[in-house]
Amino acid sequence: MSESGSKSSQPLASKQEKDGTEKRGRGRPRKQPPVSPGTALVGSQKEPSEVPTPKRPRGRPKGSKNKGAAKTRKVTTAPGRKPRGRPKKLEKEEEEGISQESSEEEQ
């Protein structure tokens, strides 16, 4: 029974290839550009009436992930206000943290 099913699909596929218009593509079909009667006559020759503007990229640029900060901004907090966000580590604190880790490993 499965053999008859596969045989019947063969002729259908060949008919679709002959027509050329009936293709079963995946996803959304491409939008066909509107054909105006004036351009249909010229057809083979395109005249660039004006230079098309390139599309602007959206979102984050590709190479920006690994770059460091271009400007380092000094954070100055007003007296009496708490700084927002995670507190920044100072070099002294980093060294203390490293020495604490090594002392824990020794124990």
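Even glycines carry a Cβ here, placed using N, Cα and C.
A quick note: this is a predicted structure, and the numbers were derived from the prediction, not measured.
The DNA-binding region annotation in Swiss-Prot covers 21-31, 53-63, 78-89. Sequence annotations record features per position, and here Swiss-Prot assigns compositional bias 'Polar residues' to 1-13. Positions annotated as compositional bias 'Basic residues' by Swiss-Prot: 55-74. Swiss-Prot lists Lys15 with the feature SUMO2 cross-link. Annotation comment: Swiss-Prot describes Lys7, Lys15 as N6-acetyllysine. The asymmetric dimethylarginine annotation in Swiss-Prot covers Arg26, Arg58, Arg60. Look at Swiss-Prot and you will find Arg26, Arg58 (among others) tagged as omega-N-methylarginine. Annotation comment: Swiss-Prot describes Ser36, Ser44, Ser102, Ser103 (among others) as phosphoserine. Residues or ranges marked as phosphothreonine by Swiss-Prot on the basis of similarity to another entry: Thr39 (among others). Among the features that Swiss-Prot reports, region 'Disordered' is placed at 1-107. Annotated region 'Interaction with HIPK2' per Swiss-Prot: 53-77, in sequence order, evidence recorded as experimental evidence.
Each of the modified residues Arg26, Arg58, Arg60 was assessed for Cβ neighbours inside 10 Å, and the highest tally belongs to Arg60. Cα separation, Arg26 (asymmetric dimethylarginine) to Arg60 (asymmetric dimethylarginine), rounded: 29 Å.
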